[in-house]
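Worksheet: one structure, shown below.
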Amino acid sequence: MLQVVLGAPQRLLKEGRQSRKLVLVVVFVALLLDNMLLTVVVPIVPTFLYATEFKDSNSSLHRGPSVSSQQALTSPAFSTIFSFFDNTTTTVEEHVPFRVTWTNGTIPPPVTEASSVPKNNCLQGIEFLEEENVRIGILFASKALMQLLVNPFVGPLTNRIGYHIPMFVGFMIMFLSTLMFAFSGTYALLFVARTLQGIGSSFSSVAGLGMLASVYTDNYERGRAMGIALGGLALGLLVGAPFGSVMYEFVGKSSPFLILAFLALLDGALQLCILWPSKVSPESAMGTSLLTLLKDPYILVAAGSICLANMGVAILEPTLPIWMMQTMCSPEWQLGLAFLPASVAYLIGTNLFGVLANKMGRWLCSLVGMVAVGISLLCVPLAHNIFGLIGPNAGLGFAIGMVDSSLMPIMGYLVDLRHTSVYGSVYAIADVAFCVGFAIGPSTGGVIVQVIGFPWLMVIIGTINIIYAPLCCFLQNPPAKEEKRAILSQECPTETQMYTFQKPTKAFPLGENSDDPSSGE
């Protein structure tokens, strides 16, 4: 009896390692934490840099004149005047010292300034905010740029050693990055933390999606699993920005990152129990080379759609909060909540079209999604307050959910159809496409905003998405591997023979046969 009780945890652990659902849970949690960390900094960084750099650099300018002006403001005659014009004394005294540096300190100027306090307060430091578009854009893009550089190495690495070790390496790097964000007080340290996040994200995303494609070999089941996993991504986007803005304003800068670090530890413990990351499990079949996959026009079309659709929200991350600070006088907590409709809609879109896209046609869902992305972006500059952003942002999130949940399974399907069924490299390409969008978007968006303004930036990226959308028609009926000779004449003979020869010998548990996972991890 005692032996049975003591052996129960080991038996449950063994069953867990054979469960496809628990593998899906591990990938879901990894994507959730990655994208929470991705978006939690969106409302924090602009206001944090504004508070630490702009206000500190201008404190000496305001400190001297404010002494003499404060003496004038505390006179009984002055307070009586402001009471006469229906302005509270407290509100006026907060803002007037900063304006007295440009006035004579007499009684009439405060009357004019009292009526324009909201406008002046909103536009204070406008030059600094415009310059911050570029710096913050580069900071946000650094994660995607590093991920872009690392992905080509992670894909082939997973083919050699399996998915488990890269997943755990990604967790450790993400944990270190989260701690750095919590205790970084300068732009340089934030940049290093963001770069580290890109490395960890590359390992987690490529290994996680490749693992799901290997476990769920049926096209319908794979689409559903990808939709659930992308739901973790969506939930991270959903929670990240509002969570970061609220915690930053009411608790402090470090608090959201410390909570994420604790959740990352739980994810690491889950990976240790389920994935057995000390075991090297290479693919028995040699995967198609990364260069060959990059020459496949159908994979390129799908990757381009992923890139451009996600570039829309990537451009909004650094530019929308600053635009709101300039035009809407938005407080800190609103900067994160502005992304809430997009995140909720993305969560709905990925889960809904993870199932529906297989029935409607994934190519059609991706086409409609890209058109909807373009239209939503065109509507963003029309908003005059945070409520006006609800519709465009919700449409944007839902449309990107359609695109991602449709095209991620297509990437695995194209490899099954036209190449060897080893998925590390193709999902490295998918992740590269995602990263290109998040690298080019923020880095160029800030520069474009400085030159032509935020509204025209939205027009440009929205129009590009609409123009690209018809290319998704080519994904309707891609030719199978037997037809590769007509598409890729140089690669066809070698790859077709390799696929035909290797398929019967494939023995990796997380591989092509749907019943194999029960004998694996």
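Glycine is no exception: its Cβ is also placed from the backbone N, Cα and C atoms.
Quick look at what Swiss-Prot annotates:
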| type | residues | note |
| --- | --- | --- |
| CARBOHYD | Asn58 | N-linked glycosylation site |
| CARBOHYD | Asn87 | N-linked glycosylation site |
| CARBOHYD | Asn104 | N-linked glycosylation site |
| TOPO_DOM | 1-21 | topological domain 'Cytoplasmic' |
| TOPO_DOM | 43-135 | topological domain 'Lumenal, vesicle' |
| TOPO_DOM | 156-164 | topological domain 'Cytoplasmic' |
| TOPO_DOM | 186-194 | topological domain 'Lumenal, vesicle' |
| TOPO_DOM | 216-224 | topological domain 'Cytoplasmic' |
| TOPO_DOM | 248-253 | topological domain 'Lumenal, vesicle' |
| TOPO_DOM | 277-296 | topological domain 'Cytoplasmic' |
| TOPO_DOM | 317-332 | topological domain 'Lumenal, vesicle' |
| TOPO_DOM | 358-362 | topological domain 'Cytoplasmic' |
| TOPO_DOM | 384-394 | topological domain 'Lumenal, vesicle' |
| TOPO_DOM | 416-419 | topological domain 'Cytoplasmic' |
| TOPO_DOM | 441-445 | topological domain 'Lumenal, vesicle' |
| TOPO_DOM | 468-521 | topological domain 'Cytoplasmic' |
| TRANSMEM | 22-42 | transmembrane segment |
| TRANSMEM | 136-155 | transmembrane segment |
| TRANSMEM | 165-185 | transmembrane segment |
| TRANSMEM | 195-215 | transmembrane segment |
| TRANSMEM | 225-247 | transmembrane segment |
| TRANSMEM | 254-276 | transmembrane segment |
| TRANSMEM | 297-316 | transmembrane segment |
| TRANSMEM | 333-357 | transmembrane segment |
| TRANSMEM | 363-383 | transmembrane segment |
| TRANSMEM | 395-415 | transmembrane segment |
| TRANSMEM | 420-440 | transmembrane segment |
| TRANSMEM | 446-467 | transmembrane segment |
Which listed range (195-215, 420-440, 446-467) shows the maximal number of Cβ pairs under 8 Å with respect to the transmembrane segment (297-316)? 420-440
Summarise the topological domain 'Cytoplasmic' (216-224) by DSSP state, stating how many residues are helix, strand and coil. 6 helix, 0 strand, 3 coil
Quick one: do the transmembrane segment (165-185) and the transmembrane segment (254-276) have at least 3 Cβ pairs under 8 Å, skipping pairs fewer than 6 apart in sequence? yes
Mind checking which residues of the chain, 6+ beyond the ends of the transmembrane segment (363-383), have their Cβ under 8 Å from one of its Cβ atoms? 302, 305, 308-309, 312, 316, 320, 349, 353, 356-357, 389, 391-393, 395-396, 398-403, 405-407, 410, 454-455, 458-459, 461-466, 468-470, 472-476
When the pLDDT values for the topological domain 'Lumenal, vesicle' (43-135) are averaged, what is the result? 48
State the residues, same chain only, that lie 6 or more residues beyond the ends of the topological domain 'Lumenal, vesicle' (248-253) and have a CB under 8 A from a CB inside it; answer 'none' if no residue qualifies. 43-44, 47-48, 182, 331-333
Out of 136-155, 225-247, 446-467, which stretch touches the transmembrane segment (22-42) the most, going by CB pairs under 8 Å? 225-247
On the DSSP side of things, how many residues of the topological domain 'Lumenal, vesicle' (384-394) fall into helix, strand and coil, could you say? 9 helix, 0 strand, 2 coil
Of 195-215, 225-247, 254-276, whichever stretch has the most CB pairs under 8 A to the transmembrane segment (333-357): 225-247
Could you tell me whether the transmembrane segment (254-276) and the transmembrane segment (195-215) are in contact, taking contact to mean 3+ Cβ pairs under 8 Å with a sequence separation of 6 or more? no
Which residue counts does DSSP yield for the topological domain 'Lumenal, vesicle' (248-253) in the helix, strand and coil classes, in that order? 3 helix, 0 strand, 3 coil
Given a Cβ distance threshold of under 8 angstroms, which distant residues of the chain, six or more beyond its ends, lie next to the transmembrane segment (254-276)? 13, 16-17, 22-23, 25-26, 29-30, 33, 36-37, 40, 44, 163-164, 167-168, 171-172, 174-175, 178-179, 181-183, 243-244, 247-248, 521
Determine which residues of the chain contact the topological domain 'Lumenal, vesicle' (186-194) at the Cβ level, with the cut-off under 8 Å and only residues 6 or more beyond its ends counted. 41, 45, 49, 53, 135, 138-140, 142-143, 177, 180
Just to be sure I understand, if DSSP states are collapsed into helix, strand and coil, how many residues of the topological domain 'Lumenal, vesicle' (441-445) fall in each? 5 helix, 0 strand, 0 coil
